[in-house]
Amino acid sequence: MTLSLSRRLIVLAVAVLLLGGLAAALVLRAASRDDKPSAGGPTVAPGTVTLTRPGTLTFLNGGQGPHRGALASVPADAPDSERTASELNCRRFYAASGTGVCLRSTPGALAQDNKALIVDSELRTLRSFPLAGTPSRARVSPSGRFAAWTVFVSGESYGAAFFSTRTAIVDTRTGKLEANLEEFTITMDGREHRAQDVNFWGVTFSKDDDTFYATLSTGGETHLVKGSISGRSVTTLAKNVECPSLSPDETRIAYKKRVRAGASLWREHVMDLGTLREHALAEKRSVDDQAAWLDDRTLAYGLPTDGAADSTDLWTVPADGSGTPRLLAPGASSPVRLG
Amino acid sequence: MYLADRSAPAGAEPAPDRGPVRAAAVAPTVLALGTVSLITDISSEMVTAVLPLYLIAGLGLSPLGFGALDGVYNGVSALVQLTGGHLADRVRNHKLIAGIGYGLSALCKPLLLFAHSLGPISVILTLERTGKGLRTAPRDALISLSTPPELQGRAFGVHRAMDTTGALLGPLAAFLILSVAVDGYDAVFGVSACVAALGVVVLMLFVPSGDGDTRPRPRPRPPVPRTAEADSVDAAAEPAAVAAAAAVPAADRPAPVRLRDALGLLRLPRLRNLAICAVLLGLTTVSDAFVYLLLQRRTGIGDQWFPLLPLGTAAVFLVLAVPAGALADRIGRRTVFLTGHALLLAGYALLLWAPDQPALPYLVLALHGMFYAATDGVLPAAVAATVPAELRATGLALVGTGQALARFGCSLAFGAAWTLWGAGPALAAAAAGLLCCAAVAGFVLRPAAPDVPLPDPNRTGSP
């Protein structure tokens with residue numbers, strides 16, 4: 001390569017123009033998606049969503065278009081009908097008894113700005129908590145009093161991916177925050193367990209507003225734990241249980257079970273809390289979500305949309321292991337059946 | 001080579017008549033490589049900044065376990081670095097190997113768009129880091145070969161400052177794109193690929209190959225005899241560098257570089273000592289992630305500030321990299337390198353014992369950034385002074401790999417200690433280890449060791 005300086009500068013200028021043009025086109029294409037809904041996708045209309053209307057299914061609208069990420073609602077018995085989209089935008093959402101928790105992530109100047117919002121039934125923000133990382137799981141207790149969330153904390157930049165979870169529980173009435181469940185006393189196999197590699201995620205609440213279940217990870221294993229908010233303690237119950245979800249009648253939990261050690265493959269299971277007996281569900285695909293109970297017999301969960309990188313669809317499957325998975329809503333996540 | 005001929009006089013001018021502290025221009029090759037690194041770091045940090053969000057919020061994945069894999073990637077990257085360094089010396093074309101490394105990383109960026117699960121994403125990131133591993137040693141060799149010995153520290157400082165600038169600009173660009181295009185991860189990856197491609201273009205256009213052609217060849221000289229390799233290379237190390245500076249080629253038609261020569265490098269006492277010290281100190285350097293976690297635990301920094309902590313370190317590193325490198329050229333690389341570790345030790349001490357004051361996080365981040373400024377570019381500058389030009393990339397890779405593997409080992413050990421004893425005792429143990437290792441390093445690297453009848457590497461820079 002013995003190009004003269006001026007030749008090289010010309011080549012550089014051409015490269016800058018070409019690559020810059022391509023980059024600008026990519027950004028513009030992505031930006032224009034915000035304005036027009038994708039063809040053939042579900043229809044969405046702006047409107048009012050309230051968290052106290054029984055027989056409603058809410059979820060985060062995931063389809064491309066102007067209402068991407070908005071909390072939307074459809075009648076539970078007609079999930080294919082037109083979606084009503086609210087102004088509330090979240091990454092994860094859950095609600096019960098007129099209280100919602102919305103994990104929001106907006107691009108800041110230097111880093112993502114992540115917040116947990118507690119909203120009332122009209123979606124007005126009651127409280128707001130900063131988050132240390134990327135939103136992952138959210139739940140509200142059946143009474144609406146407690147909310148919990150899990151975020152992934154990535155420790156640094158410079159290409160080193162380092163992840164740890166942080167799970168918090170907040171009393172939505174008093175605002176009292178348990179910022180890190182790792183401070184709770186852990187009883188494992190009858191003995192107090194102290195370790196620094198403890199991570200919690202995926203809280204699910206009981207009706208009594210004290211008992212909760214969650215996943216505890218330590219020593220390379222995951223455990224189902226049963227905890228007490230007032231006692232600030234948890235006890236291990238079973239192994240290889242992630243993202244538990246307590247059934248409305250509180251007799252069973254649905255959870256994802258790692259199929260093979262080390263692999264990122266999970267099968268959705270249901271465990272009877274009385275006998276600790278478990279059975280696999282009819283869903284054969286790998287589920288990486290905290291499933292939600294639509295009623296005592298049916299579960300809903302998200303699966304990546306075929307062929308689309310950043311979209312999930314909602315599916316349902318019977319909780320007793322029978323039947324087959326059924327598409328509930330394309331381009332959606334964080335399902336909640338308002339009771 | 002056109003650029004080579006133009007750049008050689010400025011880059012290779014001997015210093016003695018002008019005194020050691022003159023402010024000569026930084027070699028064009030260094031600026032070109034700095035620009036390539038700046039551009040490439042914008043590209044890779046764009047991806048790094050949005051990757052957690054893309055994995056968790058976009059794809060809905062649980063990235064736990066990613067951290068464990070990360071160690072494997074870094075181990076692979078370290079070993080690839082050794083391969084890249086040696087290969088570059090063997091084919092006598094540092095630019096080619098560095099270019100392959102940059103190109104491989106650039107190719108990986110658009111592939112991210114097609115990876116929808118953790119498995120493929122891990123494979124792509126591994127390839128990306130393979131590219132990073134390949135290019136590191138040839139790039140550093142190019143920097144050192146284009147710079148006179150007494151200005152090596154500053155040249156590496158300039159490169160590291162430009163590199164860090166890119167690392168700071170990357171997230172800025174990524175979040176700017178995300179604020180224009182909601183969930184525009186595809187746009188971020190696509191733009192990142194374009195930026196990376198531009199980096200490769202700049203490399204191809206403005207960086208000369210490092211096959212010794214950065215020096216003009218006024219007259220041929222008989223080849224250096226390659227018998228009694230281990231000892232003669234040792235003795236020839238400093239003269240080789242001086243010869244390079246004096247615009248005289250070390251050898252007209254150099255013998256091919258063999259694997260044995262690479263291993264023979266470890267018989268150079270000064271390089272071996274540097275490698276030992278890099279490994280020892282690496283074994284007690286707690287990884288950044290742990291430092292930030294400890295800092296948050298210690299000071300209760302609000303969660304919203306947590307993602308910004310690495311930026312604090314990077315900003316200090318960016319500002320001080322050039323002055324620290326220039327200082328190392330003037331007062332001695334050993335002094336600055338060891339001072340850097342003393343500053344890190346002070347940071348650990350603050351984390352352990354300082355009263356919780358509002359200034360504490362700033363102090364710790366400043367010390368952490370100063371540590372990087374005083375060590376990250378100064379170590380390769382010191383290594384370069386001990387390795388003959390034809391094995392420069394191999395020598396840099398040897399020390400770099402040793403340091404990276406040691407730091408990886410430290411991460412594992414520190415994680416285990418944290419689990420067993422808790423955060424405070426683990427850090428205290430690391431601090432004690434660092435103190436011991438720094439003392440050993442100070443002894444091993446003491447100037448003019450009696451068994452080395454060579455001038456001190458820093459001599460050229462002292463008044």
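Glycine residues also receive a Cβ, built from the backbone N, Cα and C atoms like all the rest.
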> Given the ranges B:107-125, B:164-182, which one is assigned the annotation transmembrane segment in TrEMBL?
Replying inline: B:164-182
> Can you name the far-off residues of the same chain, 6+ from the ends of the transmembrane segment (B:426-445), with a Cβ under 8 Å from a Cβ of it?
Replying inline: 273-274, 276-277, 280-281, 283-286, 294, 334, 337-338, 341-342, 344-345, 348-349, 351-352, 410, 414, 417-418, 420
>> How about long-range neighbours of the transmembrane segment (B:188-207): same chain, 6 or more residues beyond its ends, C-beta under 8 Å?
In response: 3, 28-29, 32-33, 35-37, 39-40, 42-44, 46-47, 50, 95, 98-99, 102-103, 105-106, 109-110, 112-113, 142, 173-174, 177-178
>> Assess whether the transmembrane segment (B:360-384) lies in contact with the transmembrane segment (B:274-295), where contact requires at least three Cβ pairs under 8 Å among residues 6 or more apart in sequence.
In response: yes
>> Can you tell me which parts of the same chain pack against the transmembrane segment (B:164-182), counting only residues 6+ beyond its ends and a CB-CB cutoff under 8 A?
In response: 37-50, 188, 191-192, 195, 311, 314-315, 317-318, 321
> So what's the mean pLDDT when you look at the domain 'Major facilitator superfamily (MFS) profile' (B:29-450)?
Replying inline: 83
